[in-house]
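The next block holds one structure in the form of C-alpha cells; read it before the comments.
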Amino acid sequence: MRGIRKGHALALRVGTPAKINLWLEIVRKREDGYHDLSSLMLPVAVYDHVEVAWSHEGGVRLSCDSAEVPDDRGNLAWRAADAYLEAAGVTRGVSIRLEKNIPVGAGMGGGSSDAAAVLLALNRLSENPLSEAVLHRLAVGLGADVPFFLHCVPALATGIGERLLPVHGIPDYPLLLVKPPISVSTGWVYGSLKLTRGESRIKLRSFLDRPWHLSEVLRNDLETVTLNEYPQLGQIKCWLMENGAVGSLMSGSGPTVFGVFAEQRLADGAGELARRVWKDCRVDVTRVLGTPVSARS
C-alpha cells in the first residue's frame, strides 16, 4: 500500500491480487440458501490497482478504465466504501479509481479483492480506524471471498468462506492461467449445483505433508456445472496436463482454468505455446504468493 499526494489530499494506491482455489468442496446447502464449503484459497500474482482518497464531495465516486465494470452500487468496491462510511460514521466522500487487470467474471476474485483493498485503504486513511473484527464483519457482508483478501495469505476457508485458517508451508507454485472469452455467473453456478458431499474429504494435514501430490487434492465441485455448460474448459484442462502441468483445475465458479507446474521455466514455455494454441483466451504465467507483504505491495 503506497501513499501518493493529489493536490493537498493523500491517496493510497494498492495492488490487489487475484486468487485460485486449490480445492473447492461444497459440503452442504444451508437453510438460508448459502452453501457451506471447504476451500484452500491461494493469492496469485495477477493484480488490479485501486487508488482511494477522501473527497470533499459527499458519497462515493468511482471510475474505472474498463467498460466491463460498473461505476455505481453495482460495483463491489463502491459498496465497500459505502459500508465503511456508514460503519465509521464518516461524512466525507470517497474517490476510487480502479485499474482492472484481473479478468471480470473469471473465478479469480477480482471484485472481492478490490472491495477488500478499499476497506483497508479507508481504514489506513481514517483518523479513527475500525477494528479488525469490524472490518471482517463488513467484508463478510459484502461477499464470501472478501474476508480472504483482507489478509491475502494462503488460507483454508470454511463456512460460506468467512472462517479462515492461515496455512503455512504452501509452495510458490508456478502457474499458467487460461481464461476463455466468457464470463460465468457465480449465482447461476451455485443455483445449478446438484452435488453436495455432506462433509469435507480432503485433509489439510495430509496435503501439507505432500504439497506436490496434487492429484490427491485438486477438486472443484463446481466443475460439474461449469464444464458441462462450457466443454472448452475441460479441453483446456487436458491440454495443460499434456503440456507439462502436474495438476490442473478450474478456479472458483470459472471459467479460468489453471495449471500448476514443477518449475517456472516449464510454466513459461507452456505459456508461450498456449498463446498460440488458445488464441481467443487470456493467458497469464504467474505464481502463488506466500506472504502478505508480496501480496499487498
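Each residue, glycine too, has its Cβ placed from N, Cα and C.
According to Swiss-Prot:
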{"type": "ACT_SITE", "residues": "K19", "note": "active site"}
{"type": "BINDING", "residues": "P103, V104, G105, A106, G107, M108, G109, G110, G111, S112, S113", "note": "ATP binding site"}
{"type": "ACT_SITE", "residues": "D145", "note": "active site"}
Cβ proximity for S113 (ATP binding site), under 8 A, sequence spacing 6+, ordered by residue number, returns T16, P17, A18, K19, D48, I102, D145, F149
I'd like the Cβ neighbour count for G107 (ATP binding site), meaning other Cβ atoms within 10 Å of its Cβ, all protein chains included. 28
Enumerate the residues of the same chain, P103, V104, G105, A106, G107, M108, G109, G110, G111, S112, S113 excluded, that satisfy the criterion Cβ within 8 A of the mean position of the Cβ atoms of the recorded ATP site; list them in sequence order. A18, I102, G252
Determine, from DSSP, whether S113 (ATP binding site) sits in helix, strand or coil. helix
I want to verify one value. Collapsing DSSP to three states, which class is K19 (active site)? strand
Provide the number of Cβ atoms within 10 Å of the Cβ of G109 (ATP binding site), excluding the reference atom itself. 28
Other C-beta atoms that fall within 10 angstroms of the C-beta of G111 (ATP binding site): 27
Just name the most isolated of the binding-site residues P103, G105, going by other Cβ atoms within 10 Å of its Cβ. G105
